[in-house]
Every structure is written in structure tokens, then in C-alpha cells.
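Feature annotations, reproduced from TrEMBL:
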type	residues	note
ACT_SITE	D204	active site, proton donor/acceptor
BINDING	E18, N154, D204	divalent metal cation binding site
BINDING	R101, N103, E121	substrate binding site
DOMAIN	16-264	domain 'SMP-30/Gluconolactonase/LRE-like region'
Amino acid sequence: SSAVRIECVAQERCRIGESPVWDEKEGVLLYVDITGRKVCRWSPLTGSAQAIPVDAPVSSVALRKSGDYVITLGTRFAALKWKEKLVTTITEVDKDKANTRFNDGKVDPAGRYFAGTMAEEVRPAVLERHQGSLYTLFPDLSVVKHFDQVDISNGLDWSLDHRTFFYIDSLSYSVDAFDYDLQTGKIGNRRSIYKLEKEESIPDGMCIDTEGKLWVACYDGGRVIRLDPETGKRLQTVKLPVDKTTSCCFGGKDYSEMYVTSASDGMDKEWLSRQPQAGGIFKITGLGVKGVPPYPFAG
């Protein structure tokens, strides 16, 4: 509708902006720049972003119950103390693999950190296939591996009744659902609920709204799409002024604003001159729906 407004709020060009998370306590938007190796916080009050550099590709960030944050860094789950700019390793995965890294991650309603891996890219979305796995970091800091043979582990969220886990393996061009057990964190009975259209390109990050509908950022598709997981139908498309939209979350004081991250890696000079906001962070208002606050890691 005409009420939908899109604004680029953080212009610093991310190489691969990802994992937007609203930090309600601080009133800031968290996100990462994977290949830029930075964890960032954008404040709507100052209109500017602060960044903490890290020593490996950092692919997701999450809130932590005890304060500060947890991140996925290279093949490590790690803790980040913001004021001290201090990163400490919690545990490592994929020890048998030479060239993987974590990608997207998110905390489940019980405070467990789900995150998956992928092979290091040769070029954007060009990589050795089937090298990734999906993991969960439990509050007691133990790790469980759910499955392997993943291409690009991506968007994840949980249904409002906590009985379904939604997940994207990007190169399958599908949004999938699993049965999910809140008590144990176990998942099973995988099925596809939506196959992307050609112009939607590659499904990337994802979030859920308070009506139980999914929002998926389409990498190389320059849009976020709203899906009904029950019917498998697309309900809405919101186009952005950049092609490489990577992920989305709701935020702002009542979670009625959507934030969308984007990437600039893999774009040549000519492409970048046509899309000067590539790698920026976008705020979308007027969608008429609200999001679900992020869950903090309980460990």
C-alpha cells in the first residue's frame, strides 16, 4: 500500500550486512557485517552506528539473558561484552571441516541458540555444496547437531504456538517447516511450505510477525516477501532500492518497524553506482503489522 515507507537509516556500506536484532533495553538495532568482520549497533536517537571489529567472519548476533550478547564467529559460538569490546569463545563446531563458517543464527523461545554453517564462498552464493550443518547451543553450553548436508544455512524462526520451526537452506530455494519440541529443542518431520519464484531469487534471512506470517528477505531479489505458512501463499511483496537484501527483523518501541539488512559484496563499480545504498540498513514503516521481540540466550 502507499502507506509503506522505506528509508535507508545506516549508510555505512556493509559488505554483507546480516542478522538484524532489536535490543529493546538499549533501544538500538544490532546487526553484523559478515565479511567486514564487525558487530554493529545503530541508534535511532543518534542516527549513527558503532562497530566492534572481530577476528573472523561474524554471521549472527543475539541477546543474552545475563546481559550483552552472543555471536557466531567463524566456526565458534562466542560471547561479546559490548563496553569492554571483549570476545570470548564458548565452543567450536565443524572441527572436521577445513573451510566452513557459521551463517545465520537465532535464539529459540526456550533460550537456545540455533545456528548453521556453510562452506566459505568463492563468490557470493558460489561455494562447495553440502558442507554445512545445523546446530543448537544449549543454555548449559553443550552443542547438538541436528543434521548436515546443508548448502547455505539461513533464515530461522518459530511459530507463535512454538510447535513449528521454520528454516531456510538458501540454495534449495525453499522455506521449510519442522515439528518443534519446546521442551527438548528437538526438530523433525521436515517439509517445504514455500518455493521461491524466479524473480524472488534466493531466500535469505527471515522473521515472523504477530499474525504468524513469515517475512523472508530475498537475496538478489531486492525485496522482502510475506508468506502464510499455513497455505503456502505469498501475501505481500515489498521492494527495496537494493538487490542484495539479506535479512529482516521487527523493532522500534512497539515492534512495528521492520529493519532490513543488505550486502554489497559481489557488486562491481557500475552496479554500485546504480545502487549507492547497497550494504545499507533500511527501515520500513507502515506495514500495519508488528513483530515478535527476540528471545535472549539463556546461558
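Each residue, glycine too, has its Cβ placed from N, Cα and C.
Here the structure is a predicted model, which means the values were calculated and not measured.
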N154 (divalent metal cation binding site) versus R101 (substrate binding site) - Cα distance in angstrom: 12
CB-centroid shell, 8 A cutoff, divalent metal cation site E18, N154, D204, site residues removed: S19, N103, D104, I152, G155, I168, S170, G205, A217, Y219, T246, S247
In the chain carrying E121 (substrate binding site), residues 6 or more apart in sequence that have Cβ under 8 angstroms from it: L127
Among E18, D204, the most crowded of the recorded positions [Cβ within 10 Å]: D204
For the binding-site residues N103, N154, the one whose C-beta sees the most other C-beta atoms within 10 angstroms: N154
Listed in sequence order, residues not in R101, N103, E121 with Cβ within 8 Å of the centre of the substrate site Cβ atoms: I34, P57, S59, T100, F102, T117, M118, A119, E120, L127, I152
